[in-house]
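Participant: According to Swiss-Prot, the record shows the following:
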BINDING   Gly65, Pro66, Glu67, Ser68, Ser69, Gly70, Lys71, Thr72  ATP binding site
Amino acid sequence: MMIEKQKALEMAISQIERQFGKGAIMRLGDTAKLNVEVIPTGSLELDIALGVGGVPRGRIIEIFGPESSGKTTLALHMIAEAQKIGGTGAFIDAEHALDPVYAKNLGVNIDDLLVAQPDTGEQALEIAEALVRSGAVDIIVIDSVAALVPKAEIEGEMGDSHVGLQARLMSQALRKLAGVTSKSKSIVVFINQLREKVGVMFGNPETTPGGRALKFYATIRLDVRKVDNIKQGNEIVGSRTRVKVVKNKIAPPFKQAEFDIMYGEGISREGSILDLGTALDIIEKSGSWYSYKDIKLGQGRENAKQFLKENKEIAEEIERKIRENFNLAYNKIKSAPDAIVE
């Protein structure tokens, strides 16, 4: 009886996959069996939480969260990772707030970065579509959905009512964009803010602007939150960030990743290596001392991170072991000479 039920279930699953594509249904315990091409996110923990080692090509991604939580930092890291493997990145700056010096600190080659500062939401989305259609751009970041103001609203009077205009614009644009993106190798990343729904008594009052279309069309939705400050003495030097994968169509969702974002330099690779290395017992921690094999890395987390920063070979050796443990590809990270701003 059980075998028959199992057979019937397998048949139903294979029929669903034939009709709606691989990954339309999966067991939560499954590891991602999809063979997808990815671009790393710049955070080892997040690559692991996504289940496939990064963000998948030919898909739409949404990164949302409160202000100053690290959304743009994460998106810029994705551009830097795409450039490291020889790709091209584009940044559609609807907020007119891109800081080139900060982008350079994160490892983005700003000389090769394509930047657009569109006047209207329509223009921003048409530029994105044209770049995807070209097939020559690996990652396109749109910052942010809230700043994609429809032309009618810009040209209208101050007090005019424009209910639902932005949602309609997003819905129309995403229908086209989703089609061309899925046939391409491009990743389209939308950065979104959070809004409070008025008068919500039960459930989550938080919502994202731009209507519901993006929630449907996004393959992956990442909820980015600042958890804590990172201090050195009395000085705040960074923030501990938590990213929750609230939607994932290519691997089981609801996984979480925590990592350090250091002010002025972005996601701390050394912090990730230290945390994951300790969790996997590759790095030993006794009291506040961290050690690897017979090498003392330092007392306290920040000191151990500094040691790994100065001793790149040891950091790379530990990272390789972590990646092997999670079956992630290892790209030797070259620190580009122009990626360091004194």
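Using N, Cα and C of the backbone, Cβ positions are placed for all residues, glycine too.
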Participant: Please report the number of other Cβ atoms within 10 Å of the Cβ of Lys71 (ATP binding site).
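Facilitator: Total other Cβ atoms inside 10 Å, all chains included: 26.
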Participant: Near the Cβ of Thr72 (ATP binding site), how many other Cβ atoms are there if near means within 10 Å?
Facilitator: 24
Participant: Could you say whether, by DSSP, Ser68 (ATP binding site) belongs to a helix, a strand or a coil region?
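Facilitator: Assignment for Ser68 (ATP binding site) reads coil.
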Participant: Which is it, of Ser68, Ser69: the one of these binding-site residues whose Cβ has the most other Cβ atoms within 10 Å?
Facilitator: Ser69
Participant: Do any residues at least six apart in sequence from Gly65 (ATP binding site), in the same chain, have a Cβ closer than 8 Å to its Cβ, and if so which, in order?
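Facilitator: Within the chain, Gly65 (ATP binding site) has Cβ neighbours under 8 Å at Lys71, Gln193, Leu194, Asp223, Val224, Arg225.
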Participant: Near Glu67 (ATP binding site), which residues of its own chain have a C-beta under 8 A away, given they sit six or more steps off in sequence?
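Facilitator: Listed in sequence order: Gln193.
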Participant: For the recorded ATP site formed by Gly65, Pro66, Glu67, Ser68, Ser69, Gly70, Lys71, Thr72, name the remaining residues of the chain with Cβ within 8 Å of the site's Cβ center, in chain order.
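Facilitator: Everything else in range on the chain: Val224, Lys226.
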Participant: In sequence order, which same-chain residues at least six apart have a C-beta under 8 angstroms from Pro66 (ATP binding site)?
Facilitator: Gln193, Leu194, Arg225, Lys226
